[in-house]
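Per Swiss-Prot, these features apply:
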- 421-535: domain 'Toprim' (DOMAIN)
- Glu427, Asp500: Mg(2+) 1 binding site (BINDING)
- Lys452: site 'Interaction with DNA' (SITE)
- Asn455: site 'Interaction with DNA' (SITE)
- Asp500, Asp502: Mg(2+) 2 binding site (BINDING)
Amino acid sequence: MEKYSAESIKVLKGLEPVRMRPGMYIGSTGKRGLHHLVYEVVDNSVDEALAGYCDWIRVTLHEDGSVEVEDNGRGIPVDIHPEEGRSALEVVFTVLHAGGKFSKDSYKISGGLHGVGVSVVNALSEWLEVRVHRDGKIYRQRYERGKPVTPVEVIGETDKHGTIVRFKPDPLIFSETEFDPDILEHRLREIAFLVPGLKIEFEDRINGEKKTFKFDGGIVEYVKYLNRGKKALHDVIHIKRTEKVKTKNGEDEVIVEIAFQYTDSYSEDIVSFANTIKTVDGGTHVTAFKSTLTRLMNEYGKKHNFLKKDDSFQGEDVREGLTAVISVYVKNPEFEGQTKSKLGNEEVKEAVTKAMREELKKIFDANPELVKTILSKIMSTKQAREAAKRAREMVRRKNVLQNTTLPGKLADCSSTHREKTELFIVEGDSAGGSAKQARDREFQAVLPIRGKILNVEKSSLDRLLKNEQISDIIVAVGTGIGDDFDESKLRYGRIIIMTDADIDGAHIRTLLLTLFYRYMRPLIEQGRVYIALPPLYRIKAGREEFYVYSDQELAEYKEKLQGKRIEIQRYKGLGEMNPEQLWETTMNPETRKIIRVTIEDAEEADRLFEILMGNDPSSRREFIERHALKVKELDI
């Protein structure tokens, strides 16, 4: 038995706890956490911009896998810290909870973690180098895995001011260390919209691309950008106010800025920020926005005779087709979770409600035609929702009669043990027929679907439910959709989408994923939705047979089998395989290949669906042209 004494108790010093438990500080050590490192450094530069000391930021992706963030702010202080007895620069990069944010005099508003942020970035980097232009001198210090390897030294003179941070993520910490320029570009564009007049340059030296973002129109311009390709029903509505609020520490100010616009689309798009930090999970500002808008539209609905006395709009009616950007600035933001994805300040709710009620009443009372346009849109949504409810009730009534519940084309499995069962949604009747013969009837069910199904991105809920193929999928899965989703009624443990390996197959796969993403999202979040990977080729070499799943694999086999006589058969569709081959290659759990569909960042997935499935062909073309050379097979 090992001795358990004082020596067994490990004390983590400096940045060791960050390296031991990185997820606690940046959320994950996957793609999301990796990009979070860049956001932390950029957020510090943004705080300088918000304080009025910086109007330019440059982010550069270097060929060696490092990233550099430069600004023209004041430059991090380099003088000796009174408590630590060493340069403030070194303190900021090596001590948690050190930095300008914690002194009320340095920043009135800040979003970046200031010190927590850059010290965490330093801890999780293979190396980091910081240069500061300040007081006529250039200072530099280098760190490796969070530890200084050089002192703070003067390396030259300058007439500039600002900070340059360059770092390379540590492969010992991160599962992948390659930055995705699209993800960074998305965030940098967001910041430029939120801080009007701030110029952000982004250079990707790996792919040789340069972009500049500067938007003097602020969040009004942001709403127009989000609505490109959609038909707007009116001009963007914009409000901005500073509200005095009571807090635990007395009285504070909250700056509330909101821009919104209705379009002819069927989905809502609400993007929210607190101190420029994106609040993916919303918070008190979003809750207040939604409830205040719903209350106001109900008041005006009755005033303009759209609603009877006892009738009302629901929140979902008011938000369909709505695009909104909500940006608040608060002195002491309370973010829930280490990665700051939800705002918790109660006083913000009061500020947003008051600002919205007073400002929107002024706008609506001065523009009755604007109000009527919005109310007409909301009214048609309400009527469609009520029609969809009737259609859902019809689907439910069908469900009661057990023998007519399930679609006629569904070949069900015999097992009632949900977690062991699988539903294959198969493209085409002929492949569906082969799959029915190939399957293991004990635990595998097969539902064939015809050709191209309805595009759910462009369809209203009642139209969706009238579509026979979508209705078949909903009934077979069993959970219901949207607000009626009930996980306990799920009929299968896994849902596997099986389509041809061609463009049409990819299109149907995308449509099906859109259906699950928009209306049965918990199934994706729980990791229950999969994509089957049928082989692209069959190679015959003498008596041996190989199934090949990619062009790269084919090239490897050709090299390996050099000198032998080989026959190569390309499968254009699932229907070209006989049931035995289909079982062996695509359905047998022992030998098949399947990809689990995940939503690491729901917003990114949503953006992809919006581009590929929405109404803007130019965005779709730009996306495809941009990625066609990089990606052999686009898995979405």
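Backbone N, Cα and C atoms are what each Cβ position is placed from, and that goes for glycine too.
Averaged across the domain 'Toprim' (421-535), pLDDT in this predicted model comes to 84.
Taking H, G and I as helix, E and B as strand and the rest as coil, DSSP gives the domain 'Toprim' (421-535) the counts 57 helix, 21 strand, 37 coil. Taking CA atoms as the reference points, Asp502 (Mg(2+) 2 binding site) and Glu427 (Mg(2+) 1 binding site) are 12 Å apart.
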